[in-house]
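This report concerns only the one structure given below.
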């Protein structure tokens, strides 16, 4: 005899199908011109409180991550004379450090998922301090490659990825402002470290300076201690259901399946099926290719125009000073209710503005005009880097962001390494710096135009897919009694399975049919 269904079981099943059936509507409505919604397993981020202390810690760790490879160039001349290295050999120190910092993104993303941001940033700070202290005893250039380039690059990688990830967990509506304040650490620390390193070099030499710098970088451990894990309130029955499902999945999964799952956590290529991610990655890669060469050659270009070396060096200080204020300002603008839903377009505009500055630079022949170029360069550079990770968070959401940023950074290391050498090759071939500015400006402007045009197409296709899905859902041939289609379940299998278990059908605050997230802004 068939056992009758219990009333509460029937209600749960129907709530499950209703949550699953509304998932496609939720995803398309929230991702069209709006920030990525938090996952169903998460509570709403606090958007403040201790999160601002987390921003302070991220400001410190990100500041060291981006400024250290640039500030170390002050020691290169003395290291070159002491170790008898050539210009090309000495330049590989910063190149290896940057490449490791970006290429280690997937490893850092996996470790952050496993252990959290706080221990990873603390370990990264220890690695940075150890790398500088051991480098101060170096007797060969290869030793510096290993100590500064490999060990130091890994430490900076841990600091960068973990800091960006924990900000995405503490903030949602105020996330652009939080990211802008955290990313402002790069120009602040560059303006601070550059003159400090010059002072230390004069008094203690490059070995003593690296020893002191290593002690300073241990402050990243203090920054990591500020990154307290976010405790989310969850229904006990929900937690038990999730643990039960995870245990059952592990028991049923074969050894090969577990290997594939672990590999996917390390480097998830499923992001390449996301149209928005592909658009972002292509535009971002074009920008990174042309972003750093103007910084490297700006002082040399000013000297070639008859500017004194001391005055030419101040151009980078002016750029960094402007960048310092532009990043948090951009975060405030991006957090407004007019810009936040259109943040991808704002990112494309910032790239176009930056590229236009480089195209106009060869026309600046006097020092006054070069100062103006440095100011506008700082504005454009600060705008882009205040938005570059926020736009990725907007597309991927909190849960997918750590894996996504790891994949993006490992791809970015290639254009970052190729951009400055390509620009230097143009100078060698033509004997003039203006061609490198033309190349960088054209590539960056092309990337910005690509982002704007392709995002228009992307959002149009999302609207079209939403309309087609709604039409198919109303059709009796493709729907069932609860309006759930097979293609829908296949499109979002993971989120559809986890959504019903994390919602109380009697709680209206967890209803999928509630107001869109943009209503809060």
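The backbone N, Cα and C atoms fix where each Cβ goes, and this holds for glycine too.
Per TrEMBL, transmembrane segment is recorded for 50-68 (among others).
In the predicted model, residues of the domain 'Major facilitator superfamily (MFS) profile' (53-459) average a pLDDT of 83. What TrEMBL records for 53-459 is domain 'Major facilitator superfamily (MFS) profile'.
Residues annotated as transmembrane segment in TrEMBL: 90-112 (among others).
Residues or ranges marked as transmembrane segment in TrEMBL: 119-137 (among others).
The transmembrane segment annotation in TrEMBL covers 143-164 (among others).
What TrEMBL records for 176-196 (among others) is transmembrane segment.
Annotation comment: TrEMBL describes 208-227 (among others) as transmembrane segment.
Nonlocal intrachain contacts for the transmembrane segment (277-301), taken as residues 6+ away from its ends with a CB within less than 8 angstroms of a stretch CB, comprise 70, 271, 309, 312-313, 315-316, 319, 344, 348, 351, 354-355, 358, 361, 374, 377, 381, 384, 388, 391-392, 395-396, 404, 408, 411-412, 415-416, 418-420, 422-424, 427, 433, 436-437, 439-441, 443-444, 446-448, 450-451, 454-455, 458. Residues annotated as transmembrane segment in TrEMBL: 277-301 (among others).
Residues or ranges marked as transmembrane segment in TrEMBL: 313-333 (among others).
The transmembrane segment feature in TrEMBL is assigned to 345-365 (among others). Outside the transmembrane segment (345-365) by six or more residues, the chain places 283, 287, 290-291, 294, 301, 305, 330, 333-334, 339, 372-373, 376-377, 379-381, 383-384, 387-388, 391, 433-434, 437-438, 440-452, 455 with a CB less than 8 A from a CB of the stretch.
The annotation transmembrane segment is assigned in TrEMBL to 371-392 (among others).
Annotation comment: TrEMBL describes 404-423 (among others) as transmembrane segment.
Sequence-distant contacts of the transmembrane segment (435-457) (same chain, at least 6 residues past either end, Cβ-Cβ under 8 Å): 276, 279-280, 282-287, 289-291, 293-294, 297, 301, 344-345, 347-362, 419, 422-424, 426-427. The transmembrane segment feature in TrEMBL is assigned to 435-457 (among others).
Summarising the annotation, TrEMBL assigns region 'Disordered' to 468-521.
Positions annotated as compositional bias 'Polar residues' by TrEMBL: 472-488.
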>> Do any residues, 6 or more residues outside the transmembrane segment (50-68), come within under 8 Å Cβ-to-Cβ of it, and if so which ones?
In response: 97, 101, 121, 124-125, 128, 152, 156-157, 159-160, 162-164, 166-167, 170-171, 178, 181-190, 192-193, 217, 219-220, 222-228
>> Given a Cβ distance threshold of under 8 angstroms, which distant residues of the chain, six or more beyond its ends, lie next to the transmembrane segment (404-423)?
In response: 95, 98-99, 101-110, 157, 160-161, 164-165, 267-269, 271, 277, 280-281, 284-286, 288-293, 296-297, 389, 392, 395-396, 436, 439-440
>> Any contact between the transmembrane segment (90-112) and the transmembrane segment (371-392)? By contact I mean 3+ C-beta pairs closer than 8 Å, pairs at least 6 apart along the chain.
In response: no
>> Need a quick answer: max count of Cβ pairs under 8 Å to the transmembrane segment (119-137), which of 176-196, 208-227, 313-333 is it?
In response: 208-227
>> Give the nonlocal contacts of the transmembrane segment (313-333) in its own chain as ranges (CB under 8 Å, at least six residues past its ends).
In response: 176-181, 183-184, 186-188, 190-191, 194, 295, 298-299, 302, 339, 346, 350, 370-371, 374-375, 377-379, 381-383, 385-387, 390
